[in-house]
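Written out below as structure tokens is the structure these notes cover.
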Amino acid sequence: MTDQAAFDTNIVTVTRFVMEEGRKARGTGEMTQLLNSLCTAVKAISTAVRKAGIAHLYGIAGTTNVTGDQVKKLDVLSNDLVVNVLKSSFATCVLVSEEDEHAIIVEPEKRGKYVVCFDPLDGSSNIDCLVSIGTIFGIYKKISKDDPSEKDALQPGRNLVAAGYALYGSATMLVLAMANGVNCFMLDPAIGEFILVDRDVKIKKKGSIYSLNEGYAKDFDPALTEYVQRKKFPPDNSAPYGARYVGSMVADVHRTLVYGGIFMYPANKKSPSGKLRLLYECNPMAYVIEKAGGMATTGKETVLDIVPTDIHQKSPIILGSPEDVTEFLEIYKKHAAK
């Protein structure tokens with residue numbers, strides 16, 4: 001009987017959670033339809049990621065995407081899955097994917113009111129060595145009265161109504177940020193549902209970990225070089241920060257959310273506009289971190305305030321615990337004033 005007593009009979013799934021939030025806001029239920037469909041794609045991708053070796057899904061598919069990355073077989077599969085489930089949710093009108101050069105306009109008979117920007121498989125260069133990868137998404141409402149077009153996706157991150165990511169790691173986790181905050185759901189493979197495990201997640205005010213690719217150190221600007229040196233050799237003789245960098249944005253940002261600290265993918269001499277894409281990488285992650293009480297900046301401005309001009313626009317990003325990001329900004333402003 002003890003085993004039965006330990007089984008939760010009042011579980012909160014993603015569907016239940018979003019329905020409850022929609023009921024409070026007197027919503028139409030379209031967001032529930034959209035997120036339900038997205039969860040279906042995430043479950044399918046999670047299974048595909050775990051079966052990749054057996055199903056011969058590793059390796060290059062023979063093409064490059066619009067941003068020049070080599071496309072893996074799993075990328076192609078994941079993109080097709082997300083596009084198809086979002087179209088069939090009857091809740092979307094415009095889809096922007098890292099893998100497609102142009103925005104996808106949903107057929108008139110399937111259209112809803114939401115615009116979704118997504119990276120179907122972020123960190124895919126890590127697939128072959130089994131490092132954690134993920135799916136990132138940002139959801140906007142269509143605000144123009146015109147027929148759906150690519151322009152509907154060119155909204156600042158402040159307009160997001162929901163954003164988040166799925167992390168395919170030792171378990172599959174869905175992190176969902178909405179107006180009410182950030183909540184984490186774990187995929188229970190036994191019942192095939194995402195179960196709420198962490199409600200109203202908040203990032204630490206200050207962490208003890210910094211995360212960036214120091215292989216580009218020779219191209220860092222002086223402000224970044226000074227900041228990293230202060231983390232390694234604190235001027236007040238406090239404990240130095242630990243360095244952690246996976247190279248998969250979902251994994252690095254999730255660790256930053258859970259443990260605190262700072263994640264940086266700044267501009268440098270080789271990439272003056274940064275390397276990460278604004279609509280489906282920077283904005284969703286910035287939204288999650290801000291809703292958790294953190295900060296996200298380019299150094300010059302808040303990430304969520306950027307008005308995009310291109311669906312594949314790039315942006316620098318520095319995000320994490322508010323005290324850590326504030327310290328970075330103080331050093332950045334000091335150097336900018338010189």
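Backbone N, Cα and C atoms are what each Cβ position is placed from, and that goes for glycine too.
Among the features that Swiss-Prot reports, N-acetylthreonine is placed at THR2.
Cβ neighbours within 10 Å of GLU20 (AMP binding site), excluding its own Cβ and spanning all shown chains: 11. Among the features that Swiss-Prot reports, AMP binding site is placed at VAL18, MET19, GLU20, GLU21, GLY22, THR28, GLY29, GLU30, MET31, THR32, LYS113, TYR114, LYS141.
Per Swiss-Prot, Mg(2+) 1 binding site is recorded for ASP69, GLU98. Of all the Cβ atoms in the protein chains shown, 25 others lie within 10 Å of the Cβ of GLU98 (Mg(2+) 1 binding site). According to its DSSP assignment, GLU98 (Mg(2+) 1 binding site) is coil.
Here Swiss-Prot flags GLU98, ASP119, LEU121 as Mg(2+) 2 binding site, drawing on similarity to another entry.
As annotated by Swiss-Prot, Mg(2+) 3 binding site applies to ASP119, ASP122, GLU281, with the evidence given as similarity to another entry. For ASP122 (Mg(2+) 3 binding site), the count of additional Cβ atoms within 10 Å of its Cβ stands at 28 [all protein chains shown].
The C-beta environment of TYR265 (phosphotyrosine), restricted to residues of the same chain at least 6 apart in sequence and closer than 8 Å, consists of LEU212, ASN213, MET249, GLY274, LYS275, LEU276, PRO316, ILE317, ILE318. Feature annotation from Swiss-Prot assigns substrate binding site to 122-125, 213-216, 244-249, TYR265, 275-277.
Residues or ranges marked as N6-succinyllysine by Swiss-Prot on the basis of similarity to another entry: LYS151. In this structure, LYS151 (N6-succinyllysine) is part of a helix by DSSP. Counting Cβ atoms from all protein chains shown, LYS151 (N6-succinyllysine) has 13 others lying within 10 Å of its own Cβ.
Sequence-distant neighbours of SER208 (phosphoserine): residues of the same chain at least 6 apart with a C-beta under 8 Å from its C-beta are ALA239, TYR241, GLY242, TYR259, GLY260, GLY261. Annotated phosphoserine per Swiss-Prot: SER208, in sequence order, evidence recorded as similarity to another entry.
Within 10 Å of the C-beta of TYR216 (phosphotyrosine) we count 16 further C-beta atoms, all protein chains included. Annotated phosphotyrosine per Swiss-Prot: TYR216 (among others), in sequence order, evidence recorded as similarity to another entry.
The phosphotyrosine annotation in Swiss-Prot covers TYR245 (among others) and is backed by similarity to another entry. According to DSSP, TYR245 (substrate binding site) sits in a coil region rather than a helix or strand. Residues near TYR245 (substrate binding site) in space but far in sequence (CB under 8 A, at least 6 apart, same chain), listed by position: SER211, LEU212, ASN213, GLU214, ASP252.
The feature phosphotyrosine is assigned by Swiss-Prot to TYR265 (among others), with similarity to another entry given as support.
Between the CA atoms of GLU281 (Mg(2+) 3 binding site) and ASP119 (Mg(2+) 2 binding site) there is a gap of 7 Å.
Every protein chain considered, the tally of other Cβ atoms within 10 Å of the Cβ of SER125 (substrate binding site) stands at 14. Around the Cβ of LYS141 (AMP binding site), the number of neighbouring Cβ atoms within 10 Å comes to 16. DSSP classifies LYS275 (substrate binding site) as coil under the three-state reduction.
Cβ atoms within 8 Å of the centroid of the Cβ atoms of GLU98, ASP119, LEU121 (the Mg(2+) 2 site) belong to the same-chain residues ASP75, SER78, ASN79, SER97, GLU99, PHE118, PRO120, ASP122, SER124, THR135, ILE136, TYR280, site residues excluded.
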